[in-house]
Amino acid sequence: MPDITPADRALRLGVAGPVGTGKSSLIATVCRSLADDLRLGVITNDIYTDEDARFLRSAGVLEPERIRAVETGACPHTAIRDDITANLLAAEDLERDFAPLDVVLIESGGDNLTATFSPALVDAQIFVLDVAGGGDVARKGGPGIGRADLLVVNKTDLAPYVGVDVPQMVADASEARDGRAVLALSRTDAASVAALRTWVLGVLESHRRGTHVPQDPGPMAPHFHADEEHPGGGFVHTHDAASEHEHESRSADEVHVHSPARK
Ligand SMILES: Nc1nc2c(ncn2[C@@H]2O[C@H](COP(=O)(O)OP(=O)(O)OP(=O)(O)O)[C@@H](O)[C@H]2O)c(=O)[nH]1
């Protein structure tokens, strides 16, 4: 049997970041700018719905069949970091059904500031912040901000309305990242969209050459889960290997993958 190396399959590119920072819109932008040149697929993760996948299908950026939703049933960050089975199966199915694909984009649904993808699931990952979250967010650090392959400071067109100094926010982010890539993006700014396109093509090229090394930004920082039945209204937990994980656990066949009916 021939050896299959990561370079022989599609580049798997994760897109994570807090709720509403523009992850789905960024994926739509990448699809619009690359769909004529590359064969693309998308997987979205949502807790109970396939809302992000439906948004992308209705945006008409790819054939609907190339956009699949994983309904995680628990926090999406669990399905991109702790038990990636459903996402891996969805990626493999998509890659088989539309072989050969160049890039599969995997979105982590509305999630918190510390969620990151396992390097066993994605080859590279983008972490998305937006200016509306405040100029200070980039300075606060965390695994995604510090060590994702690319940090996007999104919706720069809104900066004048929310009083954020974009060059300062980018400088703070670059400092928090020891010089790793930071991109100020707005879907209304063609030059920034072109820079995003160039970045994706660059990662794809190194992936194909076999020189791209997936990085692990690190586990989520300890975080608080609201729970009415818990004393104190919730609990704090961590995701490091040594600590017990308290999320509801689900087997792969309990996790739903939505794909529209094939024509
Ligand atoms: N002004 C402006 N608005 C944007 C931009 N990108 C996205 N938005 C808006 O920001 C809102 C959230 O965008 P989404 O793409 O749904 O964000 P998301 O991170 O996928 O959201 P969740 O999946 O719920 O976490 C929507 O109203 C978008 O239209 C941008 O570049 N500029």
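Just so you know, glycine gets a Cβ as well, placed from its N, Cα and C.
Among the features that TrEMBL reports, domain 'CobW/HypB/UreG nucleotide-binding' is placed at 14-182. Across the domain 'CobW/HypB/UreG nucleotide-binding' (14-182), the prediction's mean pLDDT works out to 93.
With a 10 A radius on its CB, Thr21 (GTP binding site) counts 26 other CB atoms from all the protein chains. According to its DSSP assignment, Thr21 (GTP binding site) is coil. As annotated by TrEMBL, GTP binding site applies to Gly17, Pro18, Val19, Gly20, Thr21, Gly22, Lys23, Ser24.
The feature region 'Disordered' is assigned by TrEMBL to 209-263.
According to TrEMBL, the compositional bias 'Basic and acidic residues' annotation covers 224-257.
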Starting from the Cβ centroid of Gly17, Pro18, Val19, Gly20, Thr21, Gly22, Lys23, Ser24, which together make up the recorded GTP site, report each further residue of the same chain whose Cβ lies within 8 Å of that point, ordered by sequence.
Gly110, Val128, Asp130, Asn154
Packing count at Gly20 (GTP binding site) (other Cβ atoms within 10 Å of its Cβ):
14
My understanding is the cutoff is Cβ-Cβ under 8 Å with a sequence separation of 6 or more in the same chain; which residues meet that for Gly17 (GTP binding site)?
Lys23, Ser108, Asp111, Ile126, Phe127, Val128, Leu129, Gly144, Val152
Distant-in-sequence Cβ neighbours of Gly22 (GTP binding site), under 8 Å, six or more positions away:
Val128, Asp130, Asn154, Lys155, Arg187
Neighbour count (Cβ, 10 Å) for Ser24 (GTP binding site):
22
